[in-house]
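Working notes for the structure below.
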Protein chains: 2
Amino acid sequence: MARKPSLTGFPEWLPAERVVEQHVLDTLRRIFELHGFSNIETRAVETVGQLLRKGEIDKEVYGVSRLQDDAAAKDDANALALHFDLTVPFARYVVENAGYLQFPFRRYQMQKVWRGERPQDGRFREFTQADVDIVGDGTLPFRYDVELALVIAEALSALELGDFRLRVNNRKLSEGFYRGLGIEDTASVLRAIDKLEKIGAAKVSEELQADGLSEEQAAKALALASIRASDGSFVEAVRELGVEHPLLEEGLDELRQVVEAAAVAAPGRVIADLSIARGLDYYTGTVYETVLVGHEKLGSICSGGRYESLASNGKKTFPGVGLSIGVSRLVSRLLAEGTLVASREVPTAVLVALPNDGEWLRAQEVARQLRGRGISTEVMATAEKFGKQIKHADRRGIPFVWFLGEHGASDTVKDIRTGEQLEAAAETWVPPLEDLVPTVTPAAQAGDAAVGH
Amino acid sequence: MARKPSLTGFPEWLPAERVVEQHVLDTLRRIFELHGFSNIETRAVETVGQLLRKGEIDKEVYGVSRLQDDAAAKDDANALALHFDLTVPFARYVVENAGYLQFPFRRYQMQKVWRGERPQDGRFREFTQADVDIVGDGTLPFRYDVELALVIAEALSALELGDFRLRVNNRKLSEGFYRGLGIEDTASVLRAIDKLEKIGAAKVSEELQADGLSEEQAAKALALASIRASDGSFVEAVRELGVEHPLLEEGLDELRQVVEAAAVAAPGRVIADLSIARGLDYYTGTVYETVLVGHEKLGSICSGGRYESLASNGKKTFPGVGLSIGVSRLVSRLLAEGTLVASREVPTAVLVALPNDGEWLRAQEVARQLRGRGISTEVMATAEKFGKQIKHADRRGIPFVWFLGEHGASDTVKDIRTGEQLEAAAETWVPPLEDLVPTVTPAAQAGDAAVGH
């Protein structure tokens, strides 16, 4: 992003940048729909009562009230506020519409969310998330945890962002291990382990011991967090630590299923990483994080997990498993680094030139025929000199200019990049496939193309 | 909309309803892009100062402030509020980014907007608009007014909503006519004429005379407003009223160009309707409204016009012409009346059944091959009895169930609507084209299909 947004934390893209963002969203939509996920959208506002149920995030929430109303009581649970993620609204939607939905309900949702936090590098106050979840009615087979890892691996591969790692762990595994060590407050251990990448093993060990763990317990917890494997070998590595607990066994078995299926279906992309903790309390099994190799500083671009109770209507609970992709953060980085590049900023493939102002309707007819075959076409509004009309196309990045035949001659079309001009008929001419619509390609590939590969 | 939204004025669609809305948005996107319009999005919030420049709409504006902040001074021009249309944000975007845009700048924008008004039938507090505009840098040829009428006629035709009328008038024509009658306060006449459909000619005449017009002036103004034509014949009808003014001539010429071009390119769709006034002050030439024939009570589903100064940065002004489609209002009516119907609510065409739990990875491989050829596919998570698996597909509206061949036999695929089951190979099988993705069809056509046409 070369330009500074006029409101800090609220990015806006130029047309060529939006082509890249739209490509990302279209690609995710295509993959999610190929896997049978339905799209929904929820309203931008929730009641404050809904949003604050998870607690502790109220400082980031934007309240919403009519300008004409008296100063609204912001602590009123019925006051409105902008959603800060897509999980809380989705939970409400599922409970409200349970009678109209078919379970397991597979949905993806791509919308803006708002957080009133201090904007830092890569942190926005308004940003787009793409969430994908499967939710059950009472129960949800574990296999969906495996499936979602495969869906995300396929979606990220389709984006051609380069190499990535989907790092998977399991809360049952960690919690069972800690319990097997005789630790009761397993949540505080998870919170400390979550800081491992930021503050390092020594400081985490200090913190764990301050929380009441023995030096040996802390050492074992850190040893567990150091285990990584792209196959089922992590199970043996855990066993060598000599800790036993039924919940640990359950977690080992689940994580092994995810990693072994991924080793077949998405080789090299999915690894067991026993340091992954995820801050949020509601995960109860599988947890996922994703890093772009070479862009580790960006943090996790796609995270999620299994939750035994996404929502409840009092009578039953809705367990789920899902992931969320931080689209704005990702796109902002891709744009800043030129990782993905749009071939042009306008959809237009052809500009129909005007020999004189009286030919505008004839030019529109040519345009109509081209559009009828899927070719994006504009018509000049005024008959300037042809040189000026070609310059108009060039300025807008339109690759072809169409010239109406005069005095009975055929129409011609000119590739203004090469200067090549050929006879053409509006009923049959097609541009080369790579010029039909703007394409978005990884920069390396775009570079290759420029030197002739 | 059968269900009542849990927050009045904030509609949310079920998956099958969202398929219809997405179809509308996809169709508009396709047509706009075929005509060379680039997509942009602007942030949801503007400063209160930006939003209130047009005055008088502050009561409808939703202010936005962090819950943790002290009661914000809502009259502070730098306070934030949700945008209530896409025109004001677009004007700001153009001024801010003028140095990065190519003019005439053709853009479409499809986003949610918010208005804190009392919700009535068809009025929402959160709704989606689809705007399409062409903006010039200093000047903008009139021909774009003609072009936009054709773009909108094509977009609405592509939606297959049935017959519609794009009703076009021209502010210069009306204003010139009133001035030719010796009237000075032409704006108040326009405001009175704008009420014609609501309160009738007699009451408008009373109002005009109360505003100081003579009975004859009022009668002429009403006579002008009664003129309608689908060709250039309206020019003669106006001349017969015996009023002359240079601005009237300019308006007649411009409106004739729109109607005559449309008579060629979109026969019967576009009519000159000299009663169209449009409330908003900023229109300076062409004005458009659109009614669905048979749904006149819905009001205008698509309105807009020419504005000589969309925005200004002090040094130069940016004239434009554009229209805005009320997508939510339209979709809500289409859903309520069943005008457009989705063929199914899930993207999924095929469910791969499991003969036993051990075959899940083999089933995933079949799914991968089908998806690789664009066929949306799900895999069962658990190996229930085949009858239950077929029921699972039926409940979700999935038309085909895939059975893995056992003991060396071929795979088979069953159309669960007809019961027909055939041998099939994952590398080559394709569903009938109409079953590939959910389709959205006019209800009449859907009915036709049901009786075998």
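Don't overthink the numbers, they just go from 1 along the chain as shown.
The backbone N, Cα and C atoms fix where each Cβ goes, glycine too.
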Candidate sharing the L-histidine site with A:ASP85, A:LEU86, A:THR87, A:GLN129, A:ASP133, A:ARG278, A:TYR282, A:TYR283 (per TrEMBL), from A:ARG66, A:ARG115, A:ARG118: A:ARG115
Under 8 Å by Cβ from A:ASP85 (L-histidine binding site), counting only residues of that chain that are 6 or more apart: A:VAL113, A:GLN129, A:SER324
Sequence-distant neighbours of A:TYR283 (L-histidine binding site) in its chain (C-beta under 8 A, six or more apart): A:ARG171, A:GLY305, A:ARG306, A:TYR307
Span of A:ASP85, A:LEU86, A:THR87, A:ARG115, A:GLN129, A:ASP133, A:ARG278, A:TYR282, A:TYR283 around L-histidine - largest C-alpha separation, Å: 22
Binding-site residues (A:THR87, A:GLN129), the one with most neighbouring Cβ atoms at 10 Å: A:THR87
Secondary structure of A:THR87 (L-histidine binding site) (DSSP, helix/strand/coil): helix
Averaged pLDDT score, the domain 'Aminoacyl-transfer RNA synthetases class-II family profile' (A:20-347): 92
Helix, strand or coil at A:GLN129 (L-histidine binding site) [DSSP, three-state]: strand
